[in-house]
Amino acid sequence: MKIGVIGSGSFGTALGSLLADKGYEVTLWCRNDSQVESINRNHINNKHLPNFTLPEKLTASKDLRNVVQGKDMIVSSPPSHALSEVLREIKEYLPEKVPIVSASKGIENGTLRLVSEIFESELPEKYHSYLSYLSGPSFAKEIIQKVPTIVSIASKNETTARKVQEIFSFLYFRTYWTPDVIGVEVGGSLKNVIALAAGVSDGLGFGQNTRAALITRGLNEITKIGLKLGADPMTFLGPSGMGDLILTCCGEQSRNRTVGFRLGKGETLEQILSSMNEVAEGVKTTQSAYELSQKLGIEMAITNEVYKMLYEGKNPREVVKDLMKRDLKREGVSV
């Protein structure tokens with residue numbers, strides 16, 4: 001089996017490494033020559049994962065046509081804000097009747113489209129039943145280190161979901177399939193917003209009680225907006241919901257938690273983002289999530305406060321204080 005991976009960031013590279021480790025021939029699309037040369041000559045992604053050796057069956061190319069055309073499966077892993085442009089570039093080369101797996105997470109700024117909505121609007125209908133979405137608690141470095149990991153595979157088409165599940169599942173990588181595309185996407189996107197808040201709490205020196213409170217109430221917000229969009233509430237108790245939320249809020253490898261932590265320590269957002277080599281999806285997703293909650297008429301207190309901190313300059317300590325001063329409520333999810 002020949003597989004093309006679009007996106008040479010840490011997660012796209014990790015998925016490519018997993019698939020190559022299973023024995024598949026994997027070609028990774030990179031935008032710069034030094035990265036291509038480093039992967040092909042030294043089996044190292046010098047830009048994103050310089051300390052890890054990649055399998056020999058993973059090669060790289062700058063030629064998008066070469067990466068996509070004639071492949072038996074396509075894995076798409078660009079940042080969500082770049083997804084529309086990438087899909088427009090690849091669709092003339094995209095093979096028909098092969099699985100297309102998205103690992104992008106986020107909600108598009110301006111349009112407020114989920115990743116699945118971007119795929120379905122940018123690609124012709126003949127591709128739609130072959131689309132699937134991968135999400136779950138999975139740091140890239142730990143996948144490459146072969147640490148046992150579980151994720152969700154969501155597709156509206158059961159045949160596609162089961163095929164992708166079989167292709168990805170391996171000794172250290174277990175997948176669970178679900179038809180709930182919306183639930184998997186909402187969980188994978190909004191957990192990054194909550195992780196920003198958890199990072200701020202840690203940066204300010206608050207304890208684990210506070211982090212647990214943010215995770216708990218964050219799951220409430222994720223579930224509320226998911227239900228409004230038609231998701232199955234049980235999805236949010238699975239790998240792409242609670243699993244990913246816990247990892248992203250607690251793990252030191254989490255880029256979004258790191259951004260929040262540094263904000264809590266007093267750095268500006270501009271300083272933080274300019275120093276990062278990878279995209280922290282939560283920053284852009286916060287804006288979209290805030291606008292979506294306003295559009296749907298859903299109260300999302302944590303999301304609103306993170307938005308004010310990122311885009312209106314609100315002091316991080318005031319964010320936590322105002323969350324604690326909110327009107328008292330009954331426990332539960334109400335939409």
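The backbone N, Cα and C atoms fix where each Cβ goes, glycine too.
Taken straight from Swiss-Prot:
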type	residues	note
ACT_SITE	K191	active site, proton acceptor
BINDING	S10, F11, R31, K105, A140, R255, V279, E281	NADPH binding site
BINDING	K105, G136, S138, K191, D244, S254, R255, N256	sn-glycerol 3-phosphate binding site
Distance [Cα-Cα, Å, rounded] between K191 (active site, proton acceptor) and R31 (NADPH binding site): 28
Among K105, K191, R255, the most crowded of the recorded positions [Cβ within 10 Å]: K191
All-chain count of other Cβ atoms within 10 Å of D244 (sn-glycerol 3-phosphate binding site): 28
Distance [Cα-Cα, Å, rounded] between G136 (sn-glycerol 3-phosphate binding site) and R31 (NADPH binding site): 26
Which same-chain residues, if any, lie at least 6 apart from N256 (sn-glycerol 3-phosphate binding site) yet have Cβ under 8 Å of it: N192, V193, A195, L196, G199, T248, A280, E281, G282, V283
List of residues, in chain order, with Cβ under 8 A from that of S10 (NADPH binding site) and at least 6 apart: N45, H48, L49, A140, K141, E278
Span of the sn-glycerol 3-phosphate site, taken as the largest CA to CA distance across K105, G136, S138, K191, D244, S254, R255, N256 (Å, rounded to a whole number): 15
Cα proximity to S138 (sn-glycerol 3-phosphate binding site), best match among binding-site residues F11, R255, V279: F11
Fewest Cβ neighbours within 10 Å, where candidates are the binding-site residues A140, V279: V279
Sparsest-packed among the binding-site residues, when each Cβ's other Cβ atoms within 10 Å are tallied, from R31, G136, S138, S254, E281: R31
Count of other CB atoms lying within 10 Å of the CB belonging to F11 (NADPH binding site): 22
Alpha-carbon spacing, R255 (NADPH binding site) to D244 (sn-glycerol 3-phosphate binding site), which is rounded to whole Å: 13
Span of the NADPH site, taken as the largest CA to CA distance across S10, F11, R31, K105, A140, R255, V279, E281 (Å, rounded to a whole number): 22
Nearest-integer angstrom distance between the alpha carbons (Cα) of D244 (sn-glycerol 3-phosphate binding site) and R31 (NADPH binding site): 29
